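Listed in TrEMBL:
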- A:101, A:102, A:103, A:131, A:145, A:149, A:295, A:299, A:300: L-histidine binding site (BINDING)
- A:1-399: domain 'Aminoacyl-transfer RNA synthetases class-II family profile' (DOMAIN)
């Protein structure tokens, strides 16, 4: 018989992995809740019409479609069928599709439940999504997204809160010195405007976004290739030499953008957030302005955020987000502004692993194994075990009266730090022999002492 | 534009629902962990060959199949295609399917990871499953299962532990007096044997299982119809008059089954569990023997469990399980005995709702809303809010400087119990006016007093 396997791009999570992932999501949830974000959950599959056409052609291709149940060919007329065209056939034999992200289902939720919702609505959502992407290192076909958004408010205090929220989560994870990079779509538009490349905003920002990777000369070359004039690129020079503090950057930008109303509005917004964060302080994160930051530009209309792991950790972004207008417009509810951020769970996991930041207490291990000396002794053991479990101390009885070596070996293999030996003698004296599996030391104790030692 | 909707049989969960569901699963997880069960997670979709053929023909039909990505017709030869046969086409255009339960993926996991696992392996798993069932009240196409199993041990202490575990979970949920019903497949086999209806074991147990619904006469009628002889049914009489305590039932059964080795073995097993539980005690559940209990009989080989809601709550079973042999045999790993139980999340939710057992603290609500009096005052408010959030007190700033009535109305609509008014005067005096939204009372306090009042 063939050894069973799982589909490529998917994962089994072992106990140790689940416990560590839960450690991360529990901290994120706690922070979300304390900021007033409320959890929602949406179905794993949506009607195809809800998802299709929302992520571009490439997105449509990567959406997993679910075959209709029963005789799915019944409704396909012979003419259509005879064409043997997969694209045409899909819509006839599949009406549902797996969630591709959490944003479109959230927009659908808001529109569908608009009469029950009090706006502004702050929601968080941590659920898996599925993409038929080519699997590769670090890219999966099933992965969790972890989003917080607020819709129905254009107050800049929301942006301030999201900076604080990033700081709160990463500080609680003991991941210090993450870099929260911030930009504003209006500044990018303003720059394109003043250098006379308004019609090339996308090309311009795509090139600028590569500054880290291909350097100043590379960016300039790409812009030239895309038809942005030499004069325009010259005007950009201040942007490339923009290494100062946030206020220095803003001063410089103000000069560059002084003829662009949009650009100045973007600066004003950034200034508000920077000033508020300066007054409120951050626990451990660093907030920086990065005017090369674009992310899905077409999507964002105001602030753009991205979080980088602490310097020295090569991991790309571990979070990102921004302000978007009219998210719910695709479902007919106009003029609802939103802003949101997400956390990259898989990457955060890898960073914590690399920096050894998972606390030792984050473990799926059992704390103490009671050795099985037979039914009478086991009953004595089970009484103690029940009490320990009531105190949330993970305790187990070895299920069979096996040889001592086998039972001890089991404790070793499972990395269980303590065993209790309670044979005839202990039962009579109402005591327990507690053995430290690391040091090998053992002592005979009362139940009270036992529970104190195991706490 | 059409108002968006979700596929039939699926659900959106509102914040209040998510928080209540999480309350239940958190308690279950805590109990699972304290009993030494370790969490695993498996992918939402499996290779079709892993799932197909494991749940019978009906099950195969109800499994959601995922359409292959890209040009899924490419590999379908014209002859097969021209038959236009949905069943034949399915295996050509779909290689993956959504998880139908957690048991088969668990068996697959155990076999695939057998070299990393230390047996006995105690695992729990709480994940959604999908079934293309006809949706109806209380039956969904996407729902969560919540399973704990141990594989690789045939010790009866496992059964004892599962009884304790049910008791621990329902006691922690404050759902008292649930009835844990227990039976044993060997007893059912033994009864069929002694009444001479061995070849009709399924018909016999299916009829017996209906005793609650159709009464003694109904059961006897059905048995007759299925070809079980009158003499055989007469011998069954003690089973119908079996209302006594657990030990009375066992005594009676011992007499009935004294010629069946299998039957007596079943009694011995029940006796062991009953005796152990009697010695260990239960917190709030009642353990009963119910020899009409069968559940998926073909599946179970020893103990069978089912949990009923407390008397007076009409809900059917809220949990069930039992011992099975050779679960992993379907994937080539023989002779691994297992025993497990599951919790019916949706029904437990409904019972807790009906009996009003969700604690008032189980809420997605924000505790305190700070009124927005403008940017300067908001910054003052945000400093307090940050500190409160650090103490896990859910606090929010109203995002805009709206009219007082609107801001208070927002707090009301969202059921936020406290508001803080901190205007110019409070800022100057470094104080906060805390308003109780229910009583209308308000007082001016320091931050220390504020945090104490909100805790």
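We number each residue from 1, going along the chain as drawn.
Backbone N, Cα and C define each Cβ position, glycine as well.
Unlike curated records, TrEMBL annotations are generated automatically.
Everything TrEMBL records as a feature, shown here on the structure.
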| residue | record | DSSP class |
| --- | --- | --- |
| A:101 | L-histidine binding site | coil |
| A:145 | L-histidine binding site | strand |
| A:295 | L-histidine binding site | coil |
| A:300 | L-histidine binding site | coil |
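Counting other Cβ atoms within 10 Å of each Cβ, the lowest count among the binding-site residues A:103, A:145 belongs to A:145. Cβ neighbour count for residue A:101 (L-histidine binding site): 17 (other Cβ atoms within 10 Å of its Cβ, all protein chains included). Mean model confidence of the domain 'Aminoacyl-transfer RNA synthetases class-II family profile' (A:1-399) amounts to 94 (pLDDT, 0 to 100 scale). The number of other Cβ atoms within 10 Å of the Cβ belonging to residue A:300 (L-histidine binding site), over all protein chains shown, comes to 24. Of all residue pairs in A:101, A:102, A:103, A:131, A:145, A:149, A:295, A:299, A:300, the annotated binders of L-histidine, the farthest apart have Cα atoms separated by 22 Å.
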